Amino acid sequence: MAIKRRKISVIGSGFTGATTALMVAQKELGDVVLLDIPNMEGPTKGKALDMLESTPVQGVDSTITGTSSYEDTKDSDVVVITAGIARKPGMSRDDLVATNAKIMKSVTKEVVKYSPNSYIIVLTNPADAMTYTVYKESGFPKNRVIGQSGVLDTARFRTFVAQELNVSVEDVTGFVLGGHGDDMVPLIRYSAAGGVPLTKLIAPERIEEIVERTRKGGGEIVGLLGNGSAYYAPAASLTQMVEAILKDKKRIIPTIAYLEGEYGQHDLYLGVPTILGGDGIEKVIELDLTEEEKAQLDKSVQSVRNVMAALPAE
């Protein structure tokens, strides 16, 4: 039997989706399908063709196809969902949650129909609630539905630490727990540079400033851009997750995972350290937390549950 080429479908051809498609292709993780709604078919096909025409220059042997038909995503190994709307002025959080949940359900139905054995990675905000929605709608086992936020938050934290110490980002490690943004919980005790704890290298007040900048990292970029939000780092984070699954790398990275008792939580998707490999989320890693860290995590959990409460009834 012939060996099958890997296939990755990216749902949503905006800045993040298109950049993810390009990065996945550049790493030759498989053939890529970029999909958007019918009235975006022209721009989606145009972006895909432009990317495809760059592959000979880059020495990349991945195909990239633009489409509005889910039939073209058939038998995908991994599906990345970036589709959804951003919060607009005057829009309530509940409206955002309801609108994007409706989009998630629509997308998930098609994914289940055409790629019933796929792994799904969800980026759409609010990511914890949207990942939960996809999980419930798909009926897939929990290990095959994964959310992205912690990889990005950790990358931002590592970037700022490396800048502070003037060292390589490759030597900086760290973990972020909880929800995305203001309520994330950076675990300083588990963060280091070259194996040396950050508390030995950076003054406590400066660490807190770095943590606060990390929490506001997305907003900082929104403010600088003036129109739009981050997409290079989110796309790189998604690509790392796709690679971990398709290459069975068993990376220890923070993802949004379904909890059934871990960290004292049940029936909740939350950002936690996980082992990500060929079977998706293969293990949730439970870290020992101080009372202060537990209190911070509880606050983050409550924020996530408040958002979940805005999900429309089944």
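A Cβ is built for glycine as well, from the same backbone N, Cα and C atoms used for every other residue.
Quick caveat, the model's predicted, so the values are computed rather than measured.
Per Swiss-Prot, the features are as follows:
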type: ACT_SITE; residues: HIS180; note: active site, proton acceptor
type: BINDING; residues: GLY12, SER13, GLY14, PHE15, THR16, GLY17, ASP36, ASN100, LEU123, THR124, ASN125; note: NAD(+) binding site
type: BINDING; residues: ARG87, ARG93, ASN125, ARG156; note: substrate binding site
type: MOD_RES; residues: SER149; note: phosphoserine
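Of all Cβ atoms in the protein chains displayed, 24 besides its own lie within 10 Å of the Cβ of the residue listed as 'active site, proton acceptor'.
Taking a C-beta cut-off of under 8 Å and a sequence gap of six or more, ASN125 (NAD(+) binding site) has these contacts in its own chain: GLY84, ALA86, ARG87, LEU96, ASN100, HIS180. Comparing LEU123 (NAD(+) binding site) with SER149 (phosphoserine), their Cα atoms are 7 Å apart once rounded. Cβ neighbour density within 10 Å is lowest for ARG93 among the binding-site residues ARG87, ARG93, ARG156. Here the CA atom of the residue listed as 'phosphoserine' lies 22 Å from the CA atom of ASP36 (NAD(+) binding site).
Residue density at the residue listed as 'phosphoserine': 28 other Cβ atoms are found within 10 A of its Cβ, drawing on all protein chains shown. Taking Cα separation as the measure, GLY14 (NAD(+) binding site) is nearest to SER149 of the recorded positions ARG93, SER149, ARG156. A gap of 18 Å separates the Cα atoms of ARG93 (substrate binding site) and the residue listed as 'phosphoserine'. For the pair formed by SER149 (phosphoserine) and GLY12 (NAD(+) binding site), distance between Cα atoms is given as 17 Å, rounded to the nearest Å.
Sequence-distant neighbours of GLY12 (NAD(+) binding site): residues of the same chain at least 6 apart with a C-beta under 8 Å from its C-beta are LEU35, ASP36, ILE81, THR82, ALA83, GLY84, THR124.
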